[in-house]
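J.: Okay, handing you the structure first.
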Amino acid sequence: MDKLLIRGGRPLVGEVPISGAKNAALPELCAALLTADPVTLHNVPRLQDVATMLRLIRNMGVQVDRIANPDCSVADAAGIVRLDAGALSTPEAPYDLVKTMRASVLALGPLLARFGEATVSLPGGCAIGSRPVDQHIKGLQAMGAQIVVEHGYMIARLPQGCTRLRGARITTDMVTVTGTENLLMAATLAEGETVLENAAQEPEVADLAEMLIKMGARIEGHGTSRIRIQGVERLHGCEHAVVADRIEAGTFLCAVAATGGDALLRHGRADHLDAVIDKLRDAGVQVAPEEGGIRVRSPGAAQLKAQGFRTTEYPGFPTDMQAQFMALNVVAQGTATVAETIFENRFMHVNELLRLGAKIQTTDGRVAVIEGLGGAAPAGARLSGATVMATDLRASASLVIAGLVADGETLVDRIYHLDRGYDCMEAKLRGLGADIERIQ
């Protein structure tokens, strides 16, 4: 099993490319199921979840051609994927392909909308709380779908005599990104108008909507909490570039800040990271949009002030940045309180940070109080390298950030979590001067 060996203490300096967003690429791959015409996606990241999704749709009978440099030393090689679902023969997502990736549920809406039936295994792939799919099911039922859950599968079909879903006004009980995406895709081929209330406003949802519009969909209000979709009879193919990954960009912002570096994040979108950037600036980090990306300069963590925050839905502070910013707080000055409101069980990185010397106390798995090490000694206290174990995707990133500033060697085990969401992370960090390598 692969591990990352990190020798800390080097500032990150230079330029780093930000890849396409996993959370946009996955639904956009599923959007190709909505049409019989070819679809071409650019800037598709090289990630385990993307590879799993491609295997899933290929298993359905979709022709998939991928042009990507498999060499992770070429960290800026944007991937191109061409998909042709014209001969799709099996509208089914079996458990053996779905079990490692929750996003496979995104195939449900497109398959049902285009073929009138779909069989999708209940998803797996994430250890963070329950993340129920009931909002997907309720929304599709409101559009006329008949759905039963049995033997671990969601079996969906249109009522006898119906050839299309019907438009509906749908208000989800909670803000759900994948739920919004699934219902958005299904609604593009429904009869009449669909209104999604309490819709997710994330940039990845808006980017999916932009792709669907290129395919001929009629959508208004994406990027707001109310999305209107006027269904059409068919969609056509398109070319689309996946939006830059704001969470990868935020992760590198925290890594550069923690190490006292100076870097340009090429392709990064500052306007998608307002909540994170505001906290970094409050901490003492210089962050500014620059032509072609985001510039970040830091005096070093020991001179930064720890920042409290509360995770909320976009445009608030993203839950997917909680662990990385906590790692920065660990080595900054002062005390900060972090409240996690989106998912349960999302402090699993805390025990591993404690192994490196962090000072963190948690309450009920929802609130963490971090006593920064930056003010603990005249020269600033230090983390000390150790062997740590990744427990989920963003926890992995927080341990890497901590390892970059720790004294000595840090060994991060179970980095398959990292490979699910970061495109060639160690190659990009080496390009900024980090001493990091992948070992067996």
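Glycine is treated like the rest: Cβ placed from N, Cα and C.
Reproduced below are the annotations present in Swiss-Prot:
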- C126: active site, proton donor (ACT_SITE)
- K22, N23: phosphoenolpyruvate binding site (BINDING)
- R102, R131, P132, V133, D134, Q135, D320, I342: UDP-N-acetyl-alpha-D-glucosamine binding site (BINDING)
- C126: 2-(S-cysteinyl)pyruvic acid O-phosphothioketal (MOD_RES)
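I'm curious about the neighbourhood of these features; can you describe it?
T.: Sequence-distant neighbours of N23 (phosphoenolpyruvate binding site) (same chain, 6+ apart, CB under 8 A from its CB) are V177, E202, E204, D245, I247.
In the three-state DSSP scheme, I342 (UDP-N-acetyl-alpha-D-glucosamine binding site) falls into the coil class.
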J.: Between the Cα atoms of I342 (UDP-N-acetyl-alpha-D-glucosamine binding site) and K22 (phosphoenolpyruvate binding site), what distance do you get, rounded to the nearest Å?
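T.: With the alpha carbons as reference points, the distance is 19 Å.
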J.: May I ask which of the binding-site residues R102, P132, Q135 is closest to K22 (phosphoenolpyruvate binding site) if we compare their C-alpha atoms?
T.: R102
J.: I'd like to know which of the binding-site residues D134, D320 has the most other Cβ atoms within 10 Å of its Cβ.
T.: D320
J.: Identify which of the binding-site residues K22, R102 has its Cβ surrounded by the largest number of other Cβ atoms within 10 Å, counting every protein chain shown.
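T.: Per the Cβ count, the most surrounded site is K22.
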